[in-house]
Structure formats: structure tokens, C-alpha cells
Amino acid sequence: MKVGGTHYRSIWRDGDSGEVRIIDQRWLPHEFKVVTLNTLDEFAVAIRDMWVRGAPLIGATAAYGVASAVTRDPSDANLAETCEVLNATRPTAVNLKWALDRCKSALSPLAIESRAAAAWVLAEEVVEEDVEINRRIGENGLALIREIAASKPEGEPVHLLTHCNAGWLATVDWGTATSPMYHAQDAGIPIHVWVDETRPRNQGALTAWELGEAGISHQYIVDNAGGHLMQHGMVDLVITGTDRTTARGDVCNKIGTYLKALAARDNKVPFYVALPSPTIDWSINDGVAEIPIEERPSREISHVLGMTDAGIGDVRVTPEGAGTGNPAFDVTPNRLVTGLITERGICEASFEGLAALFPDKAG
Ligand SMILES: CSC[C@@H](O)[C@@H](O)C(=O)COP(=O)(O)O
């Protein structure tokens, strides 16, 4: 998508140097910085410390990380170690394991000398597939927005609410939850987006920055505002992303998503989840019992990063030494999800719904 009128992806391989570049998301929306990842340690730190984040982008970064590592050393031992190190960076988004398993099973049978070239081809495949998946999610989700727009007086915007950043910064391009919004804008359908702040990492600021760059009407709200807005008829549709979706359609996403789904159910607001198929974990059913929830550092809770008079910096908001808890994700059970927007169409959040769209993967 566009930054200051120039098209960017969140990650790419530089055509001249062959190096992998990312937008370092730690500094957004205050500063736009592009950095290069070279060593395995740099790839691992970038994922763990959230220079890159969002389930699909984590997967794409891992695929590039493997390509970069096997270029230096294509041995079995290095391939195994690279996958192990990268897989340990973040536990919840299944796209990471999905990308690493794909790399391992494609590269392991190859002769050592052909692994590097094959790994770069594979990484580009993961990246291009992600862009196409998200574009299609946008086309499919557009139908929902179009239907709501048709029920409103001419020119009245469709009000959407989204949580976290499931935008193009969380994927390679388009985003998942935001792709239908960009498609609505392209189709000339007026929309307005309520953007949840999403404490503690404030991914809502990334979403607001993205939407601002695209000229989409939006307002940044605190996480606790959503229920109130829904009670007052100010939200027509909720669309969030997901980091892992179980075979029966339970959805694990950024902490606070579950509360939005509860409020949506109580207020009869449709609650949809935009779902690229690599985010489906077909091996599990019960998301609450089976998905590992990442616990992140205490400092993310005790301190808030922002623009100060002296530049970007953080300030402590808790009493010194206060105990904190920082579960980064929660699970929304399938019964609270109106539907899943996938690259193959929209389905009910159930095994039957997902299996009907993905009979080749449901097993
Ligand atoms: C298309 S991204 C879907 C999810 O990955 C997104 O909603 C999310 O929860 C991201 O969490 P993050 O901790 O920022 O990586």
C-alpha cells in the first residue's frame, strides 16, 4: 500500500543487493524506518521484539530468514537450527510454524548445493501468495460492506470497528481485516472505521496510520469504547484478524478481541474474522484449551511509548515496581463469530464451514 504516495510492502528482497528489507514497525506511526535483516539473530530479534509483527508477516519473515541462513550454510544441521531458533520467537501465530514447516519439507530432500536458490524461490512464493490471499479476502469481504451500504440511505457511511492491526503492515500487503476496507474505498462505498487502540503495544496506531495514508475516514478509540459504540448503533460491522484459527473455527487474536465479540453478540452487531488459510491450525479444535498464549514482557504494560517533546520515548504509567500481567492474545469461541472471511469465500465458523471451503486441507 502507499506511504506518502509511494507503494511499499512490509517486507521485500532488494533487487540489487539481494538483502531483505523490512519496515521497522517499532517506530511507527512516529517515524518511518526501513532496516535490513542479515543474520539469523537479526531475523529472530525482528520477530521476537516486534520490528515485524502480525501473523502473515511473521511467516513471510521466517521464510526469508531461512533463505538467508541456508545461503550462508545449506547443511542439514543449519537448516534444522535455523527453523528451531525462528520457531521459538513467538508461540501463538501459527503462520510461523506453517512457513517453517513448508521450508523444511521443501528444502530437506534437495541436494545441498541447490538449497539456497530453492529457498529464495520458496520465500518469494510465500510472499506473493500472501498478497494474493489478502487481495481475495478483500474482494470477498467487500460483499458484506456492500450489503450493509445498500441498506442505508445513499451516502451514509458503513461504520466498521477493528481491533489490533490486521492491516498491510501485519501481512505483506493489503492486510486481512483492512483489505475489505480498501476494496470498499476503491468501489466508492463510504466507510468510517473505529480503530481500537489495542493496549499495550497500541497496534491501533499502526492501523490509524495506514488508514490515514490511504485517506480512509477513521477515529482512534480506547479499547473500552467499543461496547458503548455498539450499544448506540454506531458500529455496523466488526472485522478483526486472527493469529490462529482452530479446525472448528475458534479464533485466537490480539488480547481484547474476545471482549469485542461479546459486546457485538449482545448488541447484534455482526462479528467477522478475516482469515488467510495459512492461519488455520487443522490439528486442534478447542482454542481456549489448546492454543499457547504468549506472555510478553512486563515493560510493555508499565511503560507507554510515544512522541515526547524530546523525541520518541517511553514513560512509566504504573506505580514503580507494580506487578503486571501481559497475555498478548485471547480466544474467541466460534459461537461468537458470525463468519470467517477467507480467500475462498465466506463461511460459518465451524469445521463444516471451513472444510467446505478447504476440502483439500481439512483432512
Ligand atoms: C493479519 S494479522 C492478524 C493478527 O496477527 C493480528 O490481529 C494480531 O493479533 C497481531 O498481533 P501482534 O502481537 O501485533 O503480532
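A Cβ is built for glycine as well, from the same backbone N, Cα and C atoms used for every other residue.
The substrate site in TrEMBL is built from ARG53, GLY54, ALA55, GLN203, ASN253, LYS254 plus one of ARG9, ARG13, ARG21, ARG90, namely ARG90.
Taking Cβ-Cβ distances under 8 Å and a sequence separation of 6 or more, the neighbours of ARG90 (substrate binding site) in its chain are ILE47, ARG48, ILE58, LEU96, GLU294. Within 8 Å of the Cβ centroid of the substrate site, not counting the listed residues ARG53, GLY54, ALA55, ARG90, GLN203, ASN253, LYS254, the chain contributes ILE58, ALA93, CYS164, ASN165, ALA166, ALA170, GLY241, ASP243, ALA328, PHE329.
A simple way to gauge crowding: the CB of CYS164 (site 'Transition state stabilizer') has 29 other CB atoms within 10 angstroms, across all the protein chains here. For ALA55 (substrate binding site) paired with ASP243 (active site, proton donor), the C-alpha to C-alpha distance reads 5 Å. Just so you know, the Cβ of GLY54 (substrate binding site) picks up 30 other Cβ atoms within 10 Å once every protein chain is counted. The Cβ of ARG53 (substrate binding site) lies under 8 Å from the Cβ of GLN25, ILE47, ASN165, LEU169, ALA170, ARG201, GLN203, each on the same chain and at least six residues away in sequence.
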